[in-house]
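Here is the structure we will look at, set down as structure tokens.
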Amino acid sequence: MSALVIVLIVCAIAAAGFVLGRARALASAGGDIRGLHSLPSYYGLNVALAALLPALLLLALWSIAQPLLVERSVAAMLPDGVDSALVMSDVRRVADGLALAVAQGALSPQEVAALDADATDLRATLGDVGVALGSAVTPEILDAARTHRAMSATGDLWRAIVVIAAALAGTAVGWSVTNSALRARNLVERVALALLAFAASVAILTTLGIVLSLIFNTLEFFRLYPASEFFLGTTWSPSFGGGSELGILPLLWGTLYISFIALLVAVPIGLFAAIYLSEYASPGVRGIVKPLLEMLAGIPTIVYGLFALLTVGPLLVELFGNGGPLGLGWMDGGTAVMTAGLVMGIMLIPFVSSLSDDIINAVPQALRDGSLGLGATRSETVRQVILPAALPGIVGAVLLAASRAIGETMIVVLGAGAAARLSMNPFDAMTTVTAKIVSQLTGDADFSSPEALVAFALGMTLFVITLVLNVFALWIVRTYREQYD
Amino acid sequence: MDDLRRTEALLSQQQTKISARNVQVWYGDTHAIKDVSVEIADKTTTAFIGPSGCGKSTFLRCINRMNDTIPAARIEGDIEIDGEDIYDRRVDPVRLRAKVGMVFQKPNPFPKSIYDNVAYGPRIHGLARGRAELDAIVEKALRRAALWNEVKDRLTAPGTGLSGGQQQRLCIARAVATEPEVLLMDEPCSALDPIATAQVEELIDELRQNYSVVIVTHSMQQAARVSQKTAFFHLGHLVEFGDTATIFTNPEDSRTESYISGRIG
């Protein structure tokens, strides 16, 4: 019985439990709702949850544990000295293939039991049902696969029995404790609390998982490639034939340079837009401009990348390239730090303006009145009272924007080029950490080579940088927030 | 005491500082001030009393054109200070507000040092040539606000770190530092405890020597204590205006009497 069917059956049991619990509660109070501690549906919900929760928990645990146990006992059957990971994956494929063949009617269960690896061409038979095998099936593997299949089938059967029994038992317990004095409402409340806490911890655990996977792969990389050369090397030239130089400095330089230009564009424009919107614009203008500005934030970054590649890059070449009206000849190709930085800056404008707008609006009206009442103009008020008061929040917003700029990928891939170099000229093509992570992992590289693993070290470095920036930003925002009140 | 007050009031009546004629104010569709005419004397404390929403704060904010910052507000009628129409096209509201200082209900020191709070107005209006002169202005303003002795050793400390009463006196010092001719106070003691209130009231009485002070208050005792003239507002109308002693002892209008004796309001 598949897991989905079991879940459906358990849900049906829970639904029945709901009806039964509700009816019992009503009956125990003699049909008068006012005699109950909680509303009748809470008693029903209580019984339903008593059926659902243990059963589903058991199902989840069983589904995780069963394959592990089955594979361990099957592995014990195999002769020693073979590459067990490789053989086990063969066994799994054959077992799956047999199950599929039986399900599609290509083989009958009796035929499976009577199969002889030497006599029949199992590879062809399984190929017919859509399971491709890498090599011919040996008798050992066939035996192991048959055992695997048999044990899994038994396990599945027991899983269904145990889970459904648990659901029934839960219903029975929930039903039997239902009486008018039971605080069903409080019990349901506690389950709701547990559910919410679970949702919160999923996010935290996922982050933890991401960090751990980064850390292990990074450590693996540093076993193959010296950390000092990674952090201090000034050349980035991966070659999959070996002898790569994987210095992070050119990439880090490119990242910081492009982010710097992006912030140079985004911070003044975003901040001024925020000041206009919160201090000067009439409610009507604000109601139109603010959503329009925030629409910029909804444009996918790949579209910004296209904009950089097709519009901004050529425009810059025309201006600053050879034969341009300025006659400067600084720029050879459309992809450059400047191109990516400008476009990324545009992308960050709504980010900065929206956050700053909220922060400026949080400055109490009393401060504005106080300043205006002393004969200050609006811009004097903004410069001397509002911005100083909002500064910590604005710094926080800028740091958050910076950490987004550092992590941005698509605009860089399309706008900045792919050359890892340390150059001061903003019209040179450069590349960033994120763009190189993409190019290191999208090739045919073997995942155990340092050329591929370096991506994790790069990712880890970025993660640490943005984490520090974010923590710092939040710290600033939080520390100085209570200034007014 | 009463005689002395009356004499003072009579003296100052001859010098009208602010004269309002037929002032009407609308907030959108709400008619907040209905045809108010009043003459406010120089070097006198004038109290505006009346129940909440009667328009006394609105009228106060007309005197330094703070209502201009509210887009929905519309004002008609004339208000003259020293014979000059403040709603004239040629009058810059920003300059006007330097001449007519304002202290608000809730102490609102800027998130700056005590010194910078007081120096804010003088700096904006270029009242000081050089640091020494600014120091002198700040000290004078803080002394006038009776705050100097409490803060002279910590002028660089943030103004927001002071107690509520000190903050309000800092705001008064800030307003005084720009050398205004009129000082408007919008319920300056409503957020303060009785001791701080007493300090501020004492201060108001001293400020009266130099300025025309207009104070909005909910406390009738306060109005009786600090003011020489009292105006009673009700539902947007100026019901009665006269010497404080007369208003509180022998009001002409029955509404005034009901409000003062606590029957309405």
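Any Cβ shown, glycine's included, is placed from N, Cα and C.
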Out of A:1-27, A:190-216, which range is noted as transmembrane segment by TrEMBL?
A:190-216
With Cβ distances under 8 Å as the criterion, find the stretch in A:157-178, A:329-352, A:452-477 that has the most pairs with the transmembrane segment (A:190-216).
A:452-477
Under an 8 Å Cβ to Cβ limit, what residues of the same chain, 6 or more beyond the ends of the transmembrane segment (A:297-317), are close to it?
324, 331-336, 338-340, 342-344, 346-347, 350-351, 354, 408-411, 413-415, 427
